[in-house]
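Participant: Encoded as structure tokens, here's the structure I'll be asking about.
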Amino acid sequence: MSASRFSARNTLKNSQAETNENEFETSQNPIHYPPPRTPLNSIADPSQCRKESAELLADSLYKLEAVRGGLQSERKLEDSSDRYGNVGFNYVTPRVVSRGGKAHSEPNSAQSSPARNVSRISLGGAAGTCAGSRAMQLSGGRGGSFSKVSRGISATNSELYMEVPHFELKEDPSFWMDHNVQVLIRIRPLSNLEKVSQDCCRCLSQESGQTLVWLGHPETSFTFDHIACETISQENLFRVAGVPMVENCMSGYNSCMFAYGQTGSGKTYTMMGDINEMEGNLNEDCGITPRIFEYLFARIRAEEESRTDEKLKYSCKCSFLEIYNEQITDLLVPSSTNLQIREDMKKGVYVENLTQHNVRDVDDVLKLLSQGAANRKMAATHMNSESSRSHSVFTCIIESCWEKDSMTHFRFARLNLVDLAGSERQKSSGAEGDRLKEAANINKSLSTLGLVMMTLVDLAHGKHRHVPYRDSRLTFLLQDSLGGNSKTTIIANVSPSICSAHETLSTLKFAQRAKLIQNNAKVNEDASGDVTVLQRQIQHLKGQLAFFMKHKRFPKPMSSMHSNRLSNSSEVYDSLEERTTGSQKIYLGSKEINCMKATLVGALRREKMAEAAFQKLKDEIELMKHLARQREEKIKQLELLAEGTLSAEKYLMKENNALQEEILLFQAKIDKNPKLTSLSMENDRLSEQLELFQNFYEKGERERLQAELSELRDQVQVTLEGNPTFTRKIENQYNDNIKQLEDCRNMNFKLIR
Ligand SMILES: Nc1ncnc2c1ncn2[C@@H]1O[C@H](COP(=O)(O)OP(=O)(O)OP(=O)(O)O)[C@@H](O)[C@H]1O
């Protein structure tokens, strides 16, 4: 869809900007590293906003009435005040208490008629003071005027029901090939109250599927991987953010999705939405989590069916926990509280005594989600009467195993779906007593999360820093998802309302920082048994070959006695195929052929990989030589400078040029050039492989395998001369391997360049 539907952009003018510790620096310098850190939750005080909003609301309502006459009076909007009598966000994500017939969700988007609202809100003398047309100038200091909320933002009278542009989210399947972290912004629609109270004034203007402008002072433009506009459907969001997560998990990558944002910005709506089923199908309002599992199980079924020959089997285990007041509770066994995080060489980071539930279909998952959601601690705050005060983490471990080339392969992936608590400042939520303690803890984990991210960004820039994962439960538990072995999506939820301008800015800044994190995701596949299996195969093949060598001149099929003696195993060569080599007849079982094939292919592959690694090493040496030459050149220049042969001015000019080139290079790195990232990832991967092979060579395994390989190759050739189909197959496979080798060489060449 195009942006043509965007009829008008808010004409928010800058009013005087307050200086504040949270002020965003400049749009030209979006990445900053403030000492010691930028406060994450640099947001205004919505409780103040409430009071001021009430006054402004009255003003707006008068204007509404004036503009629309009695036309709007028929609109039936429900009462928008919360149970504390605050006029707050009247959106509440339906939270399912129980499933099945008993399940009920709370009313979405409460509607209230402006007239009824006016009558309920204490308007003071403000009502009617600005009933005529005027430019609503919101300015002033910290003393409690609206500008405390919309600091630096002033609003003129904008269109009452401004249409926002719609940008369809575009799927990009290649994204995850080059990246490990994706940041997506989701803008929720204005609530009914926001629509009337602020003349639909927005603090955001979306310009494309990737860019938006924060309309404060200074007007700041942000670019992200995706920006989901107000009108984006849950389905579209899932296709762009959810489907790749499932695919990554199926490929054995750990994956994680965070929903971040101030309270009421739509985190729970995004992650869970309405999890009730409608006639066996997921509700169209249901969030990304249930959709992910619906898709995951469909994929699993398809994979299992298409790979029956490999005996592919999947298993999924889920757990659901919350971190509340820095304590971990099992949401599926709520009595199980204060659980501890442990670290283990084999299991990694895990929560001790957290229950895990086997799930076989989306219904099983929906049951767990409903159960957990009902147990999630919620408490009313001034901002959202159904606000989630805890961080929830839904985890699914997806394991698969299959047999191929006489080896058993294991693969696993951990999928974390995290709904964070609201990122607002303590004061903003109007919290007191227990709520204040909660807020402090929420802030602790969120500020640690921010600190961890900042440190990771530093690390990505080559600085040596300690990452304070252990400073909060949240970061300790999710350390793999932050800068570790995971492909991570961060969905930053924002409100477009002018009333949330600074919370929104704060979230955008957080998201922008998150973009710079570099994870190091790896396929979790157990290949440790490979060498042992290979060795066993070689032994087995040796036995067979010895047998064939001895018996090929005899046309009779080998007896079970022979086979037992030679293989010295329970293998019985029962399905023997007859092969003719000239006048000689030999007998081969399909099992033997497969084994030989596997050994041959494996050995060839290893040989080629080793060759590629050698080539890479050679190229690296070349590069080092080149660098050494550059250094020598520089030393010469310095000597000339010291002798006075070269003028300081000339030297500095040269140096300056060189440094500028370097700056450009670094700039490109900072901008996270995807090509560079992908190359560096590839580079890392190859380095690891190289290391593997170096170990391989040092143990003399290569020589041994090479000798065996050539012996086997000869034997197989002789043995299979009579079977042209199979020989052709081997040849094709060989050619494929040669092609792969070529590709690797090219890749190495590119990497070096
Ligand atoms: N994209 C959207 N489309 C329609 N309604 C939305 C959207 N995003 C949020 N809402 C509505 O806004 C309200 C607040 O959303 P939600 O409860 O998900 O916020 P939250 O960020 O999870 O808040 P908290 O941190 O307090 O739990 C809900 O009523 C929800 O239905």
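Glycine is no exception: its Cβ is also placed from the backbone N, Cα and C atoms.
So TrEMBL has the following annotated:
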- GLY261, GLN262, THR263, GLY264, SER265, GLY266, LYS267, THR268: ATP binding site (BINDING)
- 614-641: coiled coil (COILED)
- 1-30: compositional bias 'Polar residues' (COMPBIAS)
- 180-517: domain 'Kinesin motor' (DOMAIN)
- 1-46: region 'Disordered' (REGION)
Participant: If you check the binding-site residues GLN262, THR263, SER265, GLY266, LYS267, THR268 one by one, which have a CB less than 6 Å away from any atom of ligand 1?
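Facilitator: Checking each Cβ against ligand 1, the ones under 6 Å are THR263, SER265, GLY266, LYS267, THR268.
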Participant: If you count the C-beta atoms lying within 10 Å of each candidate's C-beta, which of the binding-site residues THR263, GLY264, SER265, GLY266 ends up with the smallest number?
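Facilitator: Among the binding-site residues THR263, GLY264, SER265, GLY266, the lowest count of other Cβ atoms within 10 Å belongs to GLY266.
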Participant: Sequence gap of 6 or more, C-beta under 8 Å: which same-chain residues meet both conditions with respect to GLY261 (ATP binding site)?
Facilitator: LYS267, LEU420, GLY422, SER423, ALA492, ASN493, VAL494, THR507
Participant: Specify the count of other C-beta atoms within 10 Å of the C-beta of THR268 (ATP binding site).
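Facilitator: Taking all protein chains shown, THR268 (ATP binding site) has 26 Cβ neighbours within 10 Å.
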Participant: With every protein chain in view, what's the tally of Cβ atoms within 10 Å of the Cβ of GLN262 (ATP binding site), excluding that atom itself?
Facilitator: 27
Participant: State the three-class DSSP label for THR268 (ATP binding site), counting H, G and I as helix, E and B as strand, and everything else as coil.
Facilitator: helix
Participant: Which whole-number mean pLDDT does the model give the domain 'Kinesin motor' (180-517)?
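Facilitator: Here the mean pLDDT over the domain 'Kinesin motor' (180-517) amounts to 85.
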Participant: When DSSP is mapped onto helix/strand/coil, what comes out for GLY261 (ATP binding site)?
Facilitator: strand
